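Per Swiss-Prot, the features are as follows:
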ACT_SITE  His692  active site, proton donor
BINDING   Arg15, Glu16, Leu17, Lys18, Lys114, Arg512, Cys513, Trp558, Glu602  5-methyltetrahydropteroyltri-L-glutamate binding site
BINDING   Ile428, Gly429, Ser430, Glu481, Asp596  L-homocysteine binding site
BINDING   Ile428, Gly429, Ser430, Glu481, Asp596  L-methionine binding site
BINDING   His639, Cys641, Glu663, Cys724  Zn(2+) binding site
Amino acid sequence: MKKSIIAFPRIGSNRELKFALEKYFRKEISEDELQIVAKELRLESWKSQKEAGIDYPISNDFSFYDQTLDLSIALGVIPERYKKLKLNELDTLFALARGFQDEENDVKARPMKKWFNTNYHYIVPEISKETVIKANFSKLLNEYQEAKTAGFETRPTIIGPYTFLILADYLSGVTEDAILSDLIGAYTILFDQLNNLGGEWLQIEEPALVLDQTEEEQQLFIKIYQELLKNKNKLRVLLQTYFGDLRNSYQEIIKLDFDGIGLDFVEGRESVKLVQKYGFPKNKLLFAGVVNGKNIWRNHYQKTLSLLKDLGNIDNIVINTSCSLQHVPVTTENETKLSKEILNHFAFAKEKLVEVSEISEIYVKKNTSLLDKNIALFDKNRVQENIQLKQKIIHLTDKDFIRTPSLVERRADQIKALNLPLLPTTTIGSFPQTPEIRKSRLQYKRGELSKSDYEAFLEEKIKECLELQENIGLDVLVHGEFERNDMVEYFGEQLDGYIFTQKAWVQSYGTRCVKPPIVWGDITRPQAMTVRWSAYAQSQTSKPVKGMLTGPVTILNWSFPREDISLKESTLQLALAVQEEVLDLEKSGVKIIQIDEAALREKLPLRRSDWYSEYLDWAIPAFRLVHSKVKAETQIHTHMCYSEFEDIIPSIDAMDADVISFEASRSQLSIIDALKAHHFQTLVGPGVYDIHSPRIPSSQEIKIQLEKILNKLPIEQVWVNPDCGLKTRGNKETIPSLTHLVEATKEVRKGKITYDK
């Protein structure tokens, strides 16, 4: 029985890629030096896979920024405004991802969206009338040859043409038909080139197959591959799917001339039933995704073996991961502070390679010692249940999820209490974390800085931040979040039920890596988490200062959750803990409390029919539970970013927040039309500039954004803010950008323009 994975993390076990890229962006290293780091990371990945017994090591899973963006470059799908910059290929890629600004040019970054239901983000391809497909697969081919030279016969992977078409933005009435023929031709060229190099396999990733499909989309997929697979010659082609099942198209797909088909048996609820009902062709390999590529818990071998048995008499099975391992940390080897007893329960990417091999060995060779060891791990009670918390959740009633008075009724109380101007200006929460701030936090964690000295340092930084905001002229201030390393980890560290790693980093986008905390047991709040800093900040100014919290859904979605209880139960535990914090903030005199739900959409099922019953029916009430007990005059804000929200607008309105800020600038404010169409009741702050790009927007640019918003929404409904928190930016970008934001807002206010609503 062969052993395989879909892809391996590319960031390095110590985030080597992140740090090399940041040096390159600062012009501290050359492209050649950056490429050396990349080559070392690829070699390490292939070695790890081979040493673990993986039969099909993967190439072309490496990317400097994003694999979808790599494909756009390979296909020549580069909008004209980026070509005009006349940059080399790598810098063009970075311009698409980050924007580009110099004395002569000012180009915004392409929109960034969540990769299906993960916390990874992809750069959205843009198709226009000017788009001309021009194949250049040098990256894939070079990395395949690089591996071969190093002694590894790899299976290159690439995102497929169907998924590319589904994910792309189409401008000016253009449809996929405009590029379909050339797109198929480009992949045909890749087949020929890989054949000429002696390539054995090509993995084509088509995760869009697990989404709801129209009849037209099913036919589009079939049309693409009936044509494409005619040209594979000796090359064997694996269709790799993940994040769900193929219930719309399984019967048709197994008829196509693929040599292997990869199915997800972790998130694909119907995958086993599909194989049982319709069978699996004897002339194809079934790449069975049975090792969870998204979570960090050890595989339960008994359950996996039982699942494989349920597939029936299929001889041609390859043990595989359920998705790319880029969604989990690289290895547990660097975790020196967690006990062996705890680490035994975890499998990061390198450990999952071993799991793939062990499952194969147990299945084929009946290795009972490996199986017995795994069974013993799951036979123990890992945590003790909190009975009191369980009872509290059981006895929640409908009233616990409803805030009174209603949204419209309490708005008058808030207007009176806050006395804000039209178009109130604010930020999303965090301010730039300078090397000095990071150094002090690290010194405090290491015991090199006393608590009193560290707190005095933070108070000074908060004062500076408040003074800066007042000088700029913002209406609602924030304390800057200098005490926080991460918007989820910070809270998890103060909640019972969480455990933390040292180096369990996962890529979110580009150079942005996150270290998700792990939900180990039942979650409770032993003491106040943020009141100390929010209350201090409010005492330093007469302007309102927002209390800043992360919401329960986002905390869970950006953690590695338990697998022994439901996501709903874990979320309600978190909601009760955050509710306690909200009430303590209110008691301390904080009048505006922001409860971020940046990741609300992240666990939304990929199929619309499952949205409510499996997610929204408990995720939205969990948010309402958090703020249901606050006073009418306390204003509740929330923030959301980097997802598609247009199709769940009614659910977002049902969160019953008073103000919601959205990421909107990269997506050309497209969410505004949806808000207007759904008669959105909540006050809104669509982000007027993109903070994930280093470029600085002008006052005029922000004014134009505001005018677009006010052409569709009443001025009384609109707040003015950036897209997201400013933590990852520098002061040299933040200060002028916010200054321009306030200047533009004042100009619009002064103009007293009558807008067509």
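Just so you know, the numbers here start at 1 and follow the chain as drawn.
Every residue, even glycine, has its Cβ placed from backbone N, Cα and C.
For Asp596 (L-homocysteine binding site), applying a Cβ distance below 8 Å and a minimum sequence separation of six or more within one chain yields Ile428, Gly429, Met487, Met548, Leu549, Thr550, Gly551, Thr554, Thr638, His639.
Neighbour density for Leu17 (5-methyltetrahydropteroyltri-L-glutamate binding site): within 10 A of its CB lie 25 other CB atoms from the protein chains shown. Among the binding-site residues Arg15, Lys114, Glu481, Cys513, Glu602, no residue is found with its Cα located within 10 Å of the Cα of Cys724 (Zn(2+) binding site). For Cys513 (5-methyltetrahydropteroyltri-L-glutamate binding site), the nearest of the recorded positions by C-alpha distance turns out to be His692; the candidates were Ser430, Glu481, Cys641, Glu663, His692. Neighbouring residues of the recorded L-methionine site, listed in sequence order and excluding Ile428, Gly429, Ser430, Glu481, Asp596, comprise Thr427, Val478, Met487, Met548, Gln594, His639, Cys724, Gly725, Leu726, Lys727 (Cβ within 8 Å of the Cβ centroid).
Leu17 (5-methyltetrahydropteroyltri-L-glutamate binding site) sits 18 Å from His692 (active site, proton donor), taking the Cα positions as reference. Lys114 (5-methyltetrahydropteroyltri-L-glutamate binding site) sits 25 Å from Glu481 (L-homocysteine binding site), taking the Cα positions as reference.
Counting only same-chain residues at least 6 apart in sequence, those with a Cβ under 8 Å from the Cβ of Ser430 (L-homocysteine binding site) are Val478, Gly480, Glu481, Arg484, Met487, Gly725, Leu726, Lys727. Here the C-alpha separation of Cys641 (Zn(2+) binding site) and Glu602 (5-methyltetrahydropteroyltri-L-glutamate binding site) works out to 10 Å.
Neighbours of Gly429 (L-homocysteine binding site), defined as other CB atoms within 10 A of its CB across all chains, total 26. DSSP classifies His639 (Zn(2+) binding site) as strand under the three-state reduction.
Around Cys513 (5-methyltetrahydropteroyltri-L-glutamate binding site), a 10 Å sphere centred on its CB holds 16 further CB atoms from the protein chains shown. Rounded to a whole value, the Cα-Cα separation of His692 (active site, proton donor) and Glu663 (Zn(2+) binding site) is 11 Å. Farthest C-alpha pair in the 5-methyltetrahydropteroyltri-L-glutamate-binding residues Arg15, Glu16, Leu17, Lys18, Lys114, Arg512, Cys513, Trp558, Glu602: 27 Å apart. The distance from the Cα of Glu602 (5-methyltetrahydropteroyltri-L-glutamate binding site) to the Cα of Glu663 (Zn(2+) binding site) comes to 15 Å.
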